[in-house]
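Notes to accompany the following structure.
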Amino acid sequence: MSKRVGSLPEQLRGPLVIAGAGVSGSGIARLLCGCGADVTLADSNVKAGERVAEEIGCSFVPLDYAVDNVRTFCTVVTSPGWRPTSELFVRAAESGIPVIGDVEVAWRLDQAEAFGKPHTWVAITGTNGKTTTTGMAAAMLAGDDPAHPQALPVGNIGVAVGDALAHEPRVDILVAELSSFQLHYSSTLHPEVGIVLNLADDHLDWHGSFEAYAAAKAKALHARIPLVNADDPVVRALAPDAVSFTLHEPAEGQVGVRDGFIVDHAFADGIPIAPAEGISPPGLAGISDALAATAIARALGASPEHIATALSTYSVSAHRGAVTHTGAGVTFVDNSKATNPHAATMALKGVDRYIWIGGGQLKGAHIDDFLNENAPHMKAAALLGLDRELLRAGLARVRPDLPVFVSDSTDKYGAMREAIEFVTRVAESGDTVMLAPAAASLDMYAGMAERGDIFTELAREYFPRTESNGVRDES
């Protein structure tokens, strides 16, 4: 970790209270304490909070105390996931006290040169594709020396934004995957490049409306170079004159696809960058992410050669469309990261016929468009999780002839096991089984990763891999 070299920005000099003593809250507290800030942690779990505060070397108060005495603080710092309706934040707003998030804290410290020359920031957001785009863009901007990369994926991928400020060796470009929650609490963030990939119903239970959700995402476009998805009319309307990317042939001011190649018609005069085929993850979703990453990299001056090399070597992260098992001629694809209908649609595109495994927490998302578009391609469906009956009823309207299995089990292994057992009854050699749940996982699983891991584990159990001669492979 590099040492702080600059001063604490004025906005962070007064007494600060940090909501939550978990991983995120404690990380923010360490960062601020290391910069000399007057920090108090607040949490409803007093014993755990006191222990964390003692380790860090800051003060601690119970959450109720912070609520009742919020006027004694100049700023409230929230951990990701805390709702705007939380009593601490409501009281702060009533008292005219600003509420900011971890990204805003890191931005203010960086702009105050608390860790040296300010970094170049890239803000990447959208309903889907953020992680893949962030990873691709960071690889494109990394430079020639793997031991000393010029760019680092940060935020909800890789290193926390605050930790990245003091990263050793120092990197110049922070390629940040940012959620709507983080952007909601970022009031002064103005990155060098900001992009919104797409927008669809998601986290409406947190934001209260699609309009509020979109407004939070749009903060990424408060950038010197805003970038948008030309194929998404809602996103395009956020910044009609911005440079954009498209799956179609690019017009002037766009990065798109022509004759099988990604082409830059925004920062150059239509030069080909890299083949649009062979990209990981496969399908239109992968190409769209690659176009977005290319637009980011070209905006910051990356060469076509660096971009092409990065795309040819980039591999998809786990649970984002990877083929995780093939057994008895049946292919299993884990896209557990598809936690809303829009993400699931992107995951399912390009597969003509499949057995779908879906369900979980829909979080208020509408499913009619998703089912109308995707149900015609389903051979069968297995549903599990909190909102399984909503999906079953929707499929009954759209595809009354479709074989559908609904698991009523609330056990994470039991529900997925029943789904895979159903697959054994309907699958034939040559079929593809798609885990693209269109819903969040926390009703039953520790997260989308656990859901995907259990899917793959049970697929391997029920569909053993065989060699070409039909002999079971025990390796």
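The backbone N, Cα and C atoms fix where each Cβ goes, and this holds for glycine too.
Annotation comment: TrEMBL describes Gly126, Thr127, Asn128, Gly129, Lys130, Thr131, Thr132 as ATP binding site. As annotated by TrEMBL, domain 'Mur ligase central' applies to 124-238. According to TrEMBL, the domain 'Mur ligase C-terminal' annotation covers 320-438.
Here the features listed in TrEMBL are painted onto the structure.
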| residue | record | Cβ neighbours (10 Å) |
| --- | --- | --- |
| Gly126 | ATP binding site | 27 |
| Thr127 | ATP binding site | 26 |
| Asn128 | ATP binding site | 26 |
| Gly129 | ATP binding site | 28 |
| Lys130 | ATP binding site | 24 |
| Thr131 | ATP binding site | 21 |
| Thr132 | ATP binding site | 29 |
(request) Could you tell me which three-state DSSP class Lys130 (ATP binding site) falls into? (result) helix
(message) Within the domain 'Mur ligase central' (124-238), count helix residues (DSSP H, G, I), strand residues (E, B) and coil residues, in that order.
(response) 44 helix, 22 strand, 49 coil
(request) Would you list, in sequence order, the residues of this chain other than Gly126, Thr127, Asn128, Gly129, Lys130, Thr131, Thr132 that have their CB within 8 A of the centroid of the site's CB atoms, where the site is the one recorded for ATP? (result) Ile124, Thr133, Leu197, Asn198, Asp289, Ala343
